[in-house]
Amino acid sequence: SLSVCMTNCPTLIVMVGLPARGKTYISKKLTRYLNWIGVPTKEFNVGQYRRDLVKTYKSFEFFLPDNEEGLKIRKQCALAALNDVQQYLSEENGHVAVFDATNTTRERRETIFRFGEDNGYKTFFVESVCVDPEVIAANIVQVKLGSPDYVDCSNDEATEDFMKRIECYKNTYEMLDETLDNHKRDLSYIKIMDVGRSYLVNRVMDHIQSRIVYYLMNIHVTPRSIYLCRHGESELNLKGRIGGDTGLSFRGKEFAKYLAQFINEQNIKDLKVWTSQMKRTIQTAEALGVPYEQWKVLNEIDAGVCEEMTYEEIQENFPLEFALRDQDKYRYRYPKGESYEDLVQRLEPVIMELERQENVLVICHQAVMRCLLAYFLDKTAEQLPYLKCPLHSVLKLTPVAYGCKVESIFLNVEAVNTHRDKPENVDISRPPEEALVTVPAHQ
Amino acid sequence: MTNCPTLIVMVGLPARGKTYISKKLTRYLNWIGVPTKEFNVGQYRRDLVKTYKSFEFFLPDNEEGLKIRKQCALAALNDVQQYLSEENGHVAVFDATNTTRERRETIFRFGEDNGYKTFFVESVCVDPEVIAANIVQVKLGSPDYVDCSNDEATEDFMKRIECYKNTYEMLDETLDKDLSYIKIMDVGRSYLVNRVMDHIQSRIVYYLMNIHVTPRSIYLCRHGESELNLKGRIGGDTGLSFRGKEFAKYLAQFINEQNIKDLKVWTSQMKRTIQTAEALGVPYEQWKVLNEIDAGVCEEMTYEEIQENFPLEFALRDQDKYRYRYPKGESYEDLVQRLEPVIMELERQENVLVICHQAVMRCLLAYFLDKTAEQLPYLKCPLHSVLKLTPVAYGCKVESIFLNVEAVNTHRDKPENVDVDRSREEALRTVPNHL
């Protein structure tokens, strides 16, 4: 389903770094991105295996380098995780596995690399190096204080224990080293320094590694929010017709004014505004009175031969196509048109640029917004085409901890509902009533 | 992509690929629509000093030489300023050794004073084989050595490199920590990237990290003649004509004879390219982004019908064929944007055969042959011909192989009269014959 076969043999990504260096943050984000672009990826967090095995975390002493019991359990967890990696990549059609642990000794990395070789995986290391105490303190606040390990501790107790946990690793930490790691074998890796100030990239082997490097070099952790909304209600929306390129209805124009007001009130620093190249998003942006950028790739999904039809007309003229779409809405491609899967591929540069940017408002379309939202909220291909993105509502997405906080703001201007749920009967032999039972009301 | 202009500054000893990278990067940026120009200080030196005598010009204690070289650098920077500040250039590539921290300071300050963002690209290489190969590829044929034997040229050039080595101060992680740069090591084995500031720098880094110098060839051709081609109709998604199927067989034969190592074959997702690839009997990959330009409301029409139904659109297209977008369709400019991932992957790959379409092939060819937006939509890409592109020196060798199966001509030249009030005959004068 990918336009280019990105992976011939599976890829094993191995995180490297002291605690609180962003390894899990990177693992989860990278996994989310790869799955969104269609590369089946799964992360394996060894700390989670440890929590499942050891039930109750007592203190940093578990991590002392001379704690025999602790070392034994930790090694056991790493091996259990690798076992699951092998299951995923070799038996469950996974393409990429992200092995999230400190992996701070050369010996441990050797073990993992040999495991990869034995199984025919390409191994790529991602090391995060950071010495800035402010960054580390912020990480601890963001993701450690709320960890299951510290559920019965005060913030101060948790911070103190975690700092000692970090110390346990420092003495045995062997960073990826150009000379030492290349002497034994030519490792492929990226070393991320100071949250992206600089990067050292060594021996990128193939397309997927190149894409991973590009992605990792574009993400940042500066606080910001992304606002997603659709154009104001359009003339075709009112008539229950899909696609086309019409202007806003009266209510749509009202929405645009309310949107301008809302944006003003939010007082957003250096907000960038993006639209598609279709009239309805451009008209919506015009009301804001600020500069905006038009992206053709933000245009609504091309419904091909079904452009500007109502669902009733599609059922009338293309009952087979209508049923096939309900059977697999993500992959179904309108004749002479596009699929959601195609849409994701053309939206990838938008996601990449959203990652680079800070505060952005994207005024787009239903299918487009579903795709972007699925990326931020880690929705599957099955869920994506049914995400609810009603007209006249703005979604404010703010990255927090390992995920995204979502606030939905309805701007109090009524609009038609354009959301058609998946009907119960998706057989090609279904009667028209059953095909149309979920079509929302329209003129 | 660019708010303030960007000044890219090459850094490195001679024969490290600086000019190769400058030219390639310039070509890529121009193709994706970022006005870029390279400024080779060596060329300024050749224009000033007319005849090159020997490496002694470059000795670190040659006062006269130093004076001239500085003069050339300043003249080049002056032209950079002209290009970026007065001629609407977005990116300037300053191609010189720039091997001392002092020289780079001067350039950085020049950038700051003019409101440019400066990005350094350093190429570091110690592999003597690579350096020797570079000398053979691009130095022996240099105007500097036009009257020398290869051995004389090589010997002199090696001494020229020595002139720079003692004063070479590489970009340093600590000393240069606030500069934006990429350090390329050993022709791409590894990279150090520091402080990427904006989108264009991020794209430049991505591009530089994907190019390689391993010898290979790229084969471009169109699908075999299609049913709609025969009827003079544009677009659509039909299968091959009888002659198109013959072409596919000949293509299979040709590919076999070429005996290409690990050839990858790519097609679009339209029937006619897929049918062509099927005849090869090898695995192939289908890319939707290789689909032919979407002619929107004009899909499957003949030019006569377009003139009949959309005479205004037809004239507008002739006025600016690159930027003109068919109603509900695409422009060549749109096509370039969607083909960018193809170009990036072609750079990563080695031997590839791309079976595509007329407009698509024009875009890809324009990238490899450094054609302008004005030339691109009129590049000749006839049916049943394969173009073999082989990178050589700073450019691309092109071999055109016609596979000896006749096909209709689908190339419509720009007519003389592009006014909206032109007559029907004037509009259709350059339409090629069809059924």
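Cβ coordinates are placed from backbone N, Cα and C, and glycine is handled just like the others.
Curation does not apply to TrEMBL; its annotations are automatic.
Quantities reported herein were computed from a predicted structural model and do not represent experimental measurements.
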One of A:Arg165, A:Arg197, A:Arg280 listed by TrEMBL as binding substrate at the site of A:Arg230, A:His231, A:Gly232, A:Glu233, A:Ser234, A:Glu235, A:Leu236, A:Asn237: A:Arg280
Sorted by sequence, non-A:Arg230, A:His231, A:Gly232, A:Glu233, A:Ser234, A:Glu235, A:Leu236, A:Asn237, A:Arg280 residues with Cβ within 8 Å of centre, substrate: A:Leu238, A:Thr246, A:Gly247, A:Leu248, A:Ser249, A:Gly252, A:Leu391
A:Glu300 (active site, proton donor/acceptor): tally of other CB atoms within 10 A of its CB: 24
Cβ neighbour count (within 10 Å, all chains shown) around A:Gly232 (substrate binding site): 30
Distance from A:Arg280 (substrate binding site) back to A:His231 (active site, tele-phosphohistidine intermediate), taken between C-alpha atoms, in Å: 6
Separation of alpha carbons, A:Glu300 (active site, proton donor/acceptor) and A:Arg230 (substrate binding site) (Å): 10
